[in-house]
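Before any comments, here is the structure.
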């Protein structure tokens, strides 16, 4: 994957197979998927048949007709070539992924004893099987870690050489078939049968086997078909005008007029643009499950961003212990450390380290203490330990206060007095206003104080949000922090809004509320609790390090598990829509120059006054093309060559700029609208001069 990210737009390894692919795509069943080019192929075949008739009978201008036929077929082949190049880039990526898919032997476990396993082919594994994967082993299929912790090399999938940690019981429990365990061991429950793994899906999607036309593509195809029908009718009426004028226009000339006027440029490149949009995401190490998801990213109105890891660096560290009145710092530190002994989060580990550094409190063995760890959940927003009838909890201030109130009522114990609660709230507010996160700590219903966690806003993130605002995108920060902390960080980062103390249900409600207003929403997530929101969002980006449920729910997967990529994904989506719109504008604008090339050539000999060699319609020959035949031939040659010239742009995409919609429209109309008029005038004139100089017409 990493090699492919930097490959050239027109790589020789892709171009050569694409030449053969262009001819294979002449199959009518393949051409029928592109209505415009299918019509071009039909009229090319018709003209070829008429040429053979004239060749046998000796009628017509065989030399001129043959040149028109050659360039008509080149038009079809160039369109096929553009699609074949785009598909070839996907196939090259798929070949790279296939190298990661190796036949492996799996250590199938029948019971709890790790030493008793049976070696079986990885392809024979069924969903629900439990396998042992030890250091040096290849993980045989997708699964969920049910026991153990290990360092895993996922370079075959992500292209990232740094190993990652996979462990049971958290949001880092999902493992991917084809990756390798570097150290320790894990027990894995298989979640995908052979042929249906994440790697298989990646290969299928990257190759384009599952690519379907998006709604925008279908709508544009309908427009192009409509325009084609209009030009069919317009062309069909011309022989009547010619007959009325006492002249004759050959079928070859009518076909040339028809092909140059219909939107062949965008018709030829439309499929390549769609494939290239997904390809650009893959090169960015993001896998889109459909072209619809890429398009939706370009139309996003609201962006939901997790605070931790996206807006901030995500490594919150404990910096201070702030006890309430009547409690010593050491007592607070001891309780906070005890509640964090089994907490493997960066925050939990930093509390243990800070307690040791400040007060020499050493970590204690949970097994010796006979302690039961209470893990953090999105619902309780607390964690802690229970030891011999005693409990210690740390977490969000409101959650800890609610827990203390509930536990004292249940045990008929004395509730904390109002002064202590006010003191705790004052400390928490002070921490929150400084941009920190307050963690309240209690022991057996007694409030002890607050641990100050400090995070840092990423550099340059404020400018990124300003760019999104120019695009018309509203940014919302999602955080579990209290409203004061959230407000301080939101102001520092420059987001438009925030949702504090957010639960998975809150995220889902926010997405539905935005969608009810007609907005398209994008978000990212990695946990099982994010799955409903990922499924509901128009663009749901699941982290590759996340759970199986999250990856199944999202319509994109970020192989690098970098939440900040959501911003780039939106930009890639907008670039796809801009490329399609810009080339459509360019294609339609081309017709103006082609009109001034072919119409005068067709009617130059009509309505000729006595003593004149040309008629009044010759005045439309503003390009001063040499002869009617050279004018028609030049237009048909330009029509074919412009497809080849625009292939790199269709694959690379039009660069998106973070400016207002009005300014962006004006700029694109100037570049691709006016440019679409000027370029054909210049191109057709140059080709006409070359055709005349070579004596081709």
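Using N, Cα and C of the backbone, Cβ positions are placed for all residues, glycine too.
Non-local contacts of residue 306 (active site, 4-aspartylphosphate intermediate) by the CB criterion (under 8 A, 6+ apart in sequence, same chain) comprise 477, 478, 479, 524, 525, 563. Residues or ranges marked as active site, 4-aspartylphosphate intermediate in Swiss-Prot: 306.
The Cβ of residue 376 (ATP binding site) lies under 8 Å from the Cβ of 343, 345, 382, 383, 395, each of which sits 6+ residues away along the same chain. Residues or ranges marked as ATP binding site in Swiss-Prot (evidence: sequence analysis): 343, 347, 376, 377, 378, 379, 380, 381, 382, 383, 394.
Look at Swiss-Prot and you will find 526, 530 tagged as Mg(2+) binding site, backed by sequence analysis. For residue 526 (Mg(2+) binding site), the number of other Cβ atoms no farther than 10 Å from its own Cβ, over all displayed protein chains, is 27.
According to Swiss-Prot, the transmembrane segment annotation covers 36-56 (among others). Counting same-chain residues at least six beyond the ends of the transmembrane segment (36-56), those with a Cβ under 8 angstroms from any Cβ of the stretch are 26, 28, 62, 65-66, 68-69, 72-73, 75-76, 79-80, 224-225, 228, 251-252, 255, 258-259, 262-264, 267-268.
Feature annotation from Swiss-Prot assigns transmembrane segment to 66-86 (among others).
Residues or ranges marked as transmembrane segment in Swiss-Prot: 218-238 (among others).
As annotated by Swiss-Prot, transmembrane segment applies to 253-273 (among others), with the evidence given as sequence analysis.
Positions annotated as transmembrane segment by Swiss-Prot, on the basis of sequence analysis: 595-615 (among others).
Annotation comment: Swiss-Prot describes 631-651 (among others) as transmembrane segment, evidence class sequence analysis.
Annotation source Swiss-Prot lists transmembrane segment at 669-689 (among others), citing sequence analysis.
Take the binding-site residues 343, 530: by the count of other Cβ atoms within 10 Å of each Cβ, the lowest one is 343. Take the CB of residue 380 (ATP binding site) and look out to 10 A: across all protein chains shown you find 17 other CB atoms. In this structure, residue 526 (Mg(2+) binding site) belongs to neither helix nor strand by DSSP; it is coil.
The local packing around residue 394 (ATP binding site), expressed as other Cβ atoms within 10 Å of its Cβ over all shown chains, amounts to 29. Over all protein chains present, the Cβ of residue 382 (ATP binding site) has 21 other Cβ atoms lying within 10 Å.
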